[in-house]
Amino acid sequence: MKGPDEGRDYIPYLANIDSSLFGLSVCLVDGTCFSLGDAAHPFGVESISKVFTAALILKQLGPEAVREKIGADATGLPFNSIMAIILENHSPSTPLVNAGAISACSLVEPTGNFDAKWAAILQNFEDLCGSPVSLIDELYRSESATNFDNRSIAWLLRDYGRIYDDVDLSLDLYTRQCSLAVTAEQLAHAAATIANGGVSPTGGKEVLSADLARKLTSLICTVGFYQSTGDWLYRTGIPAKSGVGGGILAVVPGVMGIGAFAPPLDAAGNSVRGQEAVAALGEELGLNVFQG
Ligand code: GLN
């Protein structure tokens, strides 16, 4: 199966992004934000979109339904793993890998209504980011033309009864949400909202309940960096989620959200300099969530 170990070429659009870009943004739970470099530069949210749609279905269906229909476990496998579905009792394990995220898109309400589902996904993105987001049309077309692995995953899930709406509609919603543009500043705001018990640190709006914010953070913690999640957590103690667009969203509960952006990826599809920046910040500020 193709993957980011072949560079960013597996999604043609991403291969052409300037690899020298770098942005870092921090948003404290009191709403104070700091940014540097290309923190206002829009890029493809990719797998970080999974965090947003997990939040949406947690809200719409409740945590037990999400656990039962998708799962809330680690996979220890690459993001596009088909084995993850087969090994885990025919379940996608978590909404934060491709299989679980396609399943999550199928669960978004109202089922059967593409426009209304997409509107709900967008609204939820904007509530968490604290500002509007828009589709990168070229990325959406690039990914739609080359996502053969995700098509296979979607149909395998359908066979196992883990797609709860039309298969093509669910896959298309997933591809679209991956193609949304965000900035490191927006990721920091979304992370800070989660870190702040679901309440926007700038607008004061409750986007998620405190309980769902905790559940979402636990999902990020267990699988946010795919097969290198344990290693990341061991080194930094910071719950974080990556995307192959080069973004990282990191949640420090009760303290801050961090957004990082730097396109070059490691073999697991995680931003190399993004990881270094978040880890260095964590070291400097003592952000390890496991400290006593
Ligand atoms: N859209 C990408 C895919 O489905 C997202 C992967 C990622 O960011 N890890 O392959």
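Note: Cβ is positioned from N, Cα and C throughout, glycine not excepted.
TrEMBL does not curate its annotations; it predicts them automatically.
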Candidate from Ser35, Ser47, Ser200 that TrEMBL assigns to the same substrate site as Asn98, Glu143, Asn150, Tyr174, Tyr226, Val244:
Ser47
Return one of helix, strand or coil for Val244 (substrate binding site), based on DSSP.
coil
Give me the count of other Cβ atoms within 10 A of the Cβ belonging to Val244 (substrate binding site).
25
Cβ neighbour count within 10 Å of Tyr174 (substrate binding site):
26
